[in-house]
Structure formats: structure tokens, C-alpha cells
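TrEMBL has this to say about the protein:
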type	residues	note
ACT_SITE	E269	active site, proton donor/acceptor
DOMAIN	18-180	domain 'Histone acetyl transferase HAT1 N-terminal'
DOMAIN	279-330	domain 'Histone acetyltransferase type B catalytic subunit C-terminal'
SITE	W192	site 'Interaction with histone H4 N-terminus'
Amino acid sequence: NPTFSSGLTAMEKKLAEYKCNTNEAIQLKLVRFPEDLEDDNTTFNPEYSHQVFGDDEVAFGYKGLKILLYYIAGNLSTFFRIEYSSKVNEKFDCVEADDVESKIREIIPPGFCTNADDFVSLLEKEVNFKPFGMLLHTYSIHNEEAGEDITYQIYKADMTCPGFREYHERLQTFLMWFIETASFIDVDDERWNYFLVFEKYNKDGATLFATIGYMTVYNYYVYPDKTRPRVSQMLILPPFQGEGHGAQLLETVHRYYMSSPTVLDITAEDPSENYVKLRDFVLVKLCQDLLCFSPVKLMQGFSQEMVTEAQQKLKINKQHTRRVYEILRLRATNMGDTEQSRSYQLDVKRRLIGPYKKKQRELAKMRRCLRPEEMTNQLNQIDLNMQREQLEESFQQLVSDYRRVLERLAQA
């Protein structure tokens, strides 16, 4: 029946108009002044909304859907409202619109405002908001736009700080929009540490604090009397990304644990590409002055001395120390010199090929049981050629990542 399949039906076309991309519909703000509410420049959108709205990141049933989620800059008191120009109607359209409100309510804690006037009056109380916990580090960054230095502070907090539990519930909602595989943590487990970044700003002659970002770290127990802190989540809120806060936060956290004799080393859970680049920069910055990383020693290859010194002095684990070594060795290597360059390539590729070789051995074992001899040899040959290409590609990618770390280091 050709007429049936040609084109969308009028009904389908109409319903298609009622689909909205939720990453665009959700409008986030961190509000300092009443006029921020009307200012489009203070709005930002999620990178992800699939955890709340499904893999298509679509809400059905509305035209011109806006999901407003505004937060007061410091204590993150929340304003939530849904706006749209029209909505499908069960009576006429025989379909039901998605219940957007209940989906959002599932992730934001109760007690939010639904009225803009109530929200603005809460803004006046913001002057009483102070950071939670213990001050670890203060730094300042020159802001071109404002034409002045802005001061930031990093605090370590825990659930015993009055009001922190409720504040953290509001803060963690941002994870859903900016970390692809985010999940909320069990705050009743006392082994969590929380590190928070705040900006100091002025309003009517008073000093106020705005939330910039945070990190959660879980303290794993290591027999018999040590812990191994593992970075779980880290988020610098989008309006403040690219200003160097992530590096300040990670370095501060490392320095905090460095002073503790019971900490073995620091790891990370399922790190993103961006986090790895950030960590490379911070760890290389911390390590570059250690004696074991002097140019002479770098040229002699990766050593147990490096592993021991980085772990004991800076709480860096073996795997990360190896990357630090490769980055610092690249800096000490004259890549224009054939001999030096070849030596560096071999050294890095030997590490990269480790997992391949293990896989080869496993495959070879399997094939011996499964296939005639000559076929195995042919397959191995194909494998090796593919491997060489992949290996070269991995190496080039790594070196370009390393160079970026070194450029950032040169500017620091």
C-alpha cells in the first residue's frame, strides 16, 4: 500500500512540533543580583539531560518549553518554573504530554521557590551565607572584564557543618547536567570528603561568597592502617570554567592529603579525558622539582626511585608517576636529535604495547585450541600490522597531549 507509507501523516507532523530538546529547554542561572533574572547573559544550559529525560534528551507535549532552574549564587536556594506557549491536550490530541515537573522534582530537593518575588527576597538574605568547613587555600585571578583581581577560597567541609547537608543536596543537582554518568552519593557514609571553591564578591559594600565548584573524595581503607583517597566527582560550574579553578582545586586537595601520614596515594574513579589532562598538569607541576626527575635521571629511564619519591612525598600513585615521567622526559628530550627521539619513542611505545602483548598471548592460546597452524600465523601477521598503526597513532596523540601540558606549565 504505497500511499500509506509516503510522508508523515498530518497527525504525526503536528505531534513532531511538540517535541523539545531538553538541553535547550533547561535554563540554568547562578543569581547574584535581581537584574540577573532578566539578563540572558547569565543563562547557561546543560551538556547532558539523558539521565532525567532519556537518551533522546527530548520532552514531548510542549511548544516553546522552558524549564527554569535558577540558583542563588552562594547557598544555591532554588527557583523552579516551567513555561511553554502551548501543550498537547488529551481531549483533542488523544496523547498525553510528558510530566516534566515530576522528572525535575525527582532530582531537586524540596523547598524550592516557584515565585520570582519570593526568590528575589531570599536574595537579600544571601549576605549571611558563609562557606562551610575549614579554609585550606586562598588565591586570586586577574579578571580582564572586571579589570581587577578576584579572590577565591577553597574549603574542606563535612556533614557535621550546620546546613551543609541541605546545601550539598542542591549542589549535586548540577552533576546531572554536566557529568555524563553522574550519580548522587551516600552522604551518610563518613568516608566522604568534600572540597568546595568559592568566589568573594562585593554587593552594596558587603563581601559575599558565590559557589564556583567542588570535588568529592572517598577514603578507601588500605590494610593495615592506611587510606587511599579516590577522587569521585569534580565539577567547576560552567560560568567559571577555563579560568584555572580545576587546577587550583586538585592541587589543594593533593596538598591536603600530602600532609597526612596515613594516606598512601591518591587515585580517581573512571576519570574523563579532561580530568586526565588537568591531573597531568597538576602532578607535573608538583613533581618537576623532585631530584628523581632531574634531566640526567629522566634520560636513564623510569625508575623505582621515581615511584617511591612521588608516592612518599606527593601521594602520587605508580601509574600517574609514569605519565609524569613521560611528560618531563619529553621536555628534556631534543626531538630533533634522531637518537634521543628514537629512544623516547621506544620507551613510551613499550609501555603502550604492554596490554596488546597480553592480549596477543591470550589470543594465541585460544587459537591453538581452535584453528589450524597456518591460519594462526596469517592472523597474527595482520594483527601486527594493525597494531603498528594503532601504536603509532596512540603515541602521536599522547605526545600532542603532553605538549599541551608543557605549554600550560610554561605559562604557569
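Here the Cβ of each residue, glycine as well, is placed from N, Cα and C on the backbone.
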Practice item. Report, in whole Å, the straight Cα-to-Cα distance of E269 (active site, proton donor/acceptor) from W192 (site 'Interaction with histone H4 N-terminus'). Key: 14
Exercise for review: Identify, in sequence order, the residues in the chain of E269 (active site, proton donor/acceptor) that are 6 or more apart from it along the sequence and have a CB within less than 8 Å of its CB; answer 'none' if there are none.
Suggested key: Y218, R230, V231, S232
Point to revise | Taken over the domain 'Histone acetyl transferase HAT1 N-terminal' (18-180), the model's mean pLDDT | key: 94
Review point. In the domain 'Histone acetyltransferase type B catalytic subunit C-terminal' (279-330), how many residues does DSSP put in helix, strand and coil?
Key: 41 helix, 1 strand, 10 coil
